[in-house]
Structures are given as structure tokens and as C-alpha cells.
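As recorded in TrEMBL, the features of this protein are as follows:
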type	residues	note
DOMAIN	17-264	domain 'Nodulin-like'
DOMAIN	340-544	domain 'NFD4 C-terminal'
TRANSMEM	83-103	transmembrane segment
TRANSMEM	115-138	transmembrane segment
TRANSMEM	150-172	transmembrane segment
TRANSMEM	178-197	transmembrane segment
TRANSMEM	217-234	transmembrane segment
TRANSMEM	246-268	transmembrane segment
TRANSMEM	345-363	transmembrane segment
TRANSMEM	369-392	transmembrane segment
TRANSMEM	413-432	transmembrane segment
TRANSMEM	438-458	transmembrane segment
TRANSMEM	470-495	transmembrane segment
TRANSMEM	515-536	transmembrane segment
Amino acid sequence: MGNFRDDTSLTRSPAGKWLGFVTAIWVQAISGNNYTFSNYSDALKSLMALTQLELNSLSVAKDIGKAFGILAGLASDRLSTPVILLIGSVEGFVGYGVQWLVVSQRIRPLPYWQMSIFLCMGGNSTTWMNTAILVTCMRNFHRNRGPVSGILKGYVGLSTAIFTDICSALFADNPSKFLLMLAVVPAVVCLAAIFFLREVPPTTTAAQEEEEESKYFNFFNIVAVIIALYLLAYDTSGKHGHLLSMFFAGGLLFLLASPLSIPIFSVFKNWAQARLDSSSNDVESAQNDEVQEPLLVQQDTQTETEPKLEVVEGNLEGDAIEIIYQKPVLGEDHTILEAVQTLDFWILFTSFLCGVGTGLAVMNNMGQMGLALGYVDVSIFVSLTSIFGFFGRIGSGTISEYFLKNAATPRPLWNAASQVLMAVGYIILAIALPGSLYIGSIVVGICYGVRLAVTVPTASELFGLKNYGLIYNILILNLPLGSFLFSGLLAGLLYDAEATKTEGGGNTCVGAHCFRLVFVIMALACVVGFVLDVILSIRTKNLYKKIQASKKPRKSGFEQKKTIKG
């Protein structure tokens, strides 16, 4: 991230780091608006008299916005975190604001190409938010990348349910008011993060800092699970009166604010420690003994990995010296050009496409899938996908970190497991038994969440943190690409082939046959993804052994001497 300097004691303190992480959670809790298209897609389809292929092309335009996330990646090393957040919030306000004007019928429906641009802007806005959040937090908490990724991506998964349930509670699922929320709320929340989210250098010893972070992350995980269960209880408890819905919305806002207890606790803890230290004469010597522990062993002697140069020949009389450039190995910092020249990058890229591309096809077409199977209101399925996507994200982040530290299990192995389960989910959806859409929504949500949460730290572990913002956004190209292939082309064309035309130029399809072939093809794609993830796991097993070794606490010099004497 850009070298933004803030000299205020709060933002540069440990408490400031945790306050920044809380605001990052809030931004992620409202940045999953790209997954809410099903909540207002029918309104767009009827107002603009679109076929399913045309509607899916609009959803692809939304996802194409993520392709321009490369700009956010390039900016992540040149602009400060606040500037990147500001760009994302303004772009989202404009993109979703115009869609609100159309759906609320305050203006006439815009030409198709213009609507595509504004959907693209809305989709691109989240790439700026996510880049600012992920890059900053991964650097602030680089020893706990799995839990950080799981928590942040988990809240992205919950954001769809948060928006959907609040809109349902306050506005009775009104699509125009839903779009107004998508335009205004992220812009307001980003303002809070602009003031408090900064890169903060470590201030304690590596072992002490990692232990403290683990305790706090456990609290964040518990709060997130409570929020998910709270949303799930609301979604599965039937119709609610206005008063109960208001209480629900208030309780949800309270739960979202509860992570603030961590930075507040940190402030009091630091204050108490400062008073204790002021009475001791050993403070300065203790500070001089601090050691910063890098992530990997091979990075011990350098903060940034530079290209390796080897002198081959030369003499003292001025002969030319031949220098050979050595490419970085896995685990060292890569430039984007160095990363894309590796086979491992393209294995990760393609397997990621098989997982998130098919998952997006389900999310973008959930409205039509529900109608095809006889469900008038599909908000429950949107919420189920979101909530169980959260469990997939937060669970996989924590579990993969645990097995990495204790058994050196490669993270891609968890992606492979999710691909198998996702293929089973698509087969269940293709069979279309009673209740299959409930089961399919849950399974797809879990596996999509695992895929996102595990790939984020995997990319940083394989290719380093120095150019992580750009590498992450290159991988995110899979979202628009997968949306185009599986949603825009596959689902759109096969649905229209089964559908019947309606008055006004649109079409509709009712029955299990509408999406059956789509689900079968997507299940096969997941099998391909499974094979690729297994290959990547085998290729990276030695790297993860090194990472496991670097995470083990090292003995101090005194302890080593004591061991030798013993």
C-alpha cells in the first residue's frame, strides 16, 4: 500500500491496528453487493423487457467490473489506503445510485449499453474496497493470514444476507429501496475506514504478537458465528411482524458494532502497561531486544525480496562481469510477470475459475432457478447461500491455518475438497428433488466460501506480499471470466433454449429441465478443478513444510545456551 503517514498516536498504536481491523470488517460486511443481483434482477428484467440471455449479460457486465480490479491492484503500491477506499465508495455510490433511479422509476430505463456501464461501475467499486482491506490487513497480520482471510471473506459472504434481511425487515423486500441501500451504506461505512485503517508496524516480539492476535481472532470468529446464526434464525423462522423486524435490525447493528470491544480493551491494556513500565528501569533495554520474525525462513535477512544476481566471471583488471538473473522460487516475492511465468500460477488460476465461475452462475441465476422450481420468493435461497458461504469462508481460513501449523497441510488441498462437495451439490440441483434448492444453495455457498477464503492466503504464500495487491486482482479476473462463461453463455443460452416467449419480448421457463444440463456441465467443471488442486497440493508440499517450520517459536539465545549446558 502507499506509504501513507499518519502521526496520530491512535492509528499507529496496537489499539489503532485493531480499530482499523474492525473498520475493515465493516467494509467487508457491506462489500458483497455483487452477490445480491438476484434480489432486483426480476425488476430489471420486467422494466427493460429482457430475455434471460440479456439479463445474464447484464450480470456479466457487473462481474466484468472486477476485471478492472487490475487498476486497484496497480494502485495498491502507489496510493494510500484512504484514497483507494474513497475511489471505491464514490464509484459504488454512482453505479448503484443510477440503478436505483431506474428501478424506482424516477428516470426512464436507460439504453442497454448504458445500464451495462453502471452495473460495471458497481461491480468494480468492490475491487477497490477489497484491495485496500486485504492488502493492508495481510501486511498488518502477516503471521495469521489464514484467520484474517477467513474473517474478512466471511463477512463478505454475510454481507448479502445482511443487506437482504435488513431490507426485508425494514422495507418488505422492495427492490428500489434495496438498491438505495447498496448505494448509500457502503459509501458511509468506507468513510469510517478512511480515518482509521492504516498499515501499522509490529510493536512487540513476534511470539507475543502472534499469541495476542490469535486470542483476538478467536473473539472475532465467535462474534461472526453469532451473527451468522442470528441471520439464519431470522431467515428460517417464517413471517415476521413490523415490530419484531425492527428489533431484529437493531440487534443486528449491535452485533456488528460488538467487535469494537477489542480496540477498546487494547487501549486500556496499553494504558495499564504504560503505567507499569513507567515504574521500571528496564523498559529501554527490553525495547532494544525486540526481534521481528519474517514469514518464511529464506526471508530472514531481507524485508523485501530483490531479484537474485550471481557474478559468474570477472577479474581485477576491469574485464566485464557477467551477471545472471535468478528467478524467485515459490514462497519468495514475485512480480506479476514472474508469477504468470510459473505453472503453479496458472494451475491456481484455472482451478479458481472452476470453483468461483460455477458458483457465480448459481448466484446470478438464483431468481430464475427459484421461479423455475415454483418458488415465488427466492430471498431465502439468496440468504442461505450467503450465510453458509460465510461458514465456508471463516471455517476454512481457521481450519487450514491449524492444519498448516500442525501438519504442514498445503492449503490447495482444502480447495480440492470443496470442488468435490460442490460437484455433489450441482448433481443434487440437477436431480431437482423436493427441497433440492435448499440443499444446493447451502452446499454451493459453503464451497464458494472455501474457495475464496483459501485462495487469498495461498496466493500470498506462493508469490509473496510485495506485489500481492496486483496478483490478487489478476486472480479475481476469474470472477468476470467465470460469470461470462458459466452464467452469461452456458446458463443464458441453455435457459433460453428451454424457455417460452412472453408478451413484451421477454421469456420464462418453469420446470426442473430449465437448468438441468447447466448443473451437469458445472459438476464436470468442478471435477477438473479438483484434479488441478490436487496437482498444486503435490507441487507445493515442500513450501508448506518450510512455512510450518517458520511458524514454530524459536528459542532465545539464553534458552539455547541453557540447552547446550544441560
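In case you wondered, yes, glycine gets a Cβ from its N, Cα and C as well.
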Segment-segment contact (the transmembrane segment (515-536); the transmembrane segment (413-432)) at 3 or more Cβ pairs under 8 Å: yes
Spatial neighbours of the transmembrane segment (345-363) far in sequence, C-beta under 8 Å, 6+ residues away: 35, 37-38, 63, 339, 369, 382, 385, 412, 415, 418-419, 422, 426, 429, 440-441, 444, 447-448, 451-452, 455, 458-459, 462-463, 474-475, 478-479, 481-483, 485-487, 490-491, 518, 522, 525-526, 528-529, 532-533, 535-536, 539
Residues from the same chain, set at least six apart from the ends of the transmembrane segment (369-392), whose C-beta lies under 8 A from its own: 32, 35-36, 38-39, 154-155, 157-161, 164-165, 168, 173, 224-225, 228, 231-232, 235-236, 362-363, 418, 429, 432, 437-438, 441-451, 453, 508-512, 514-515
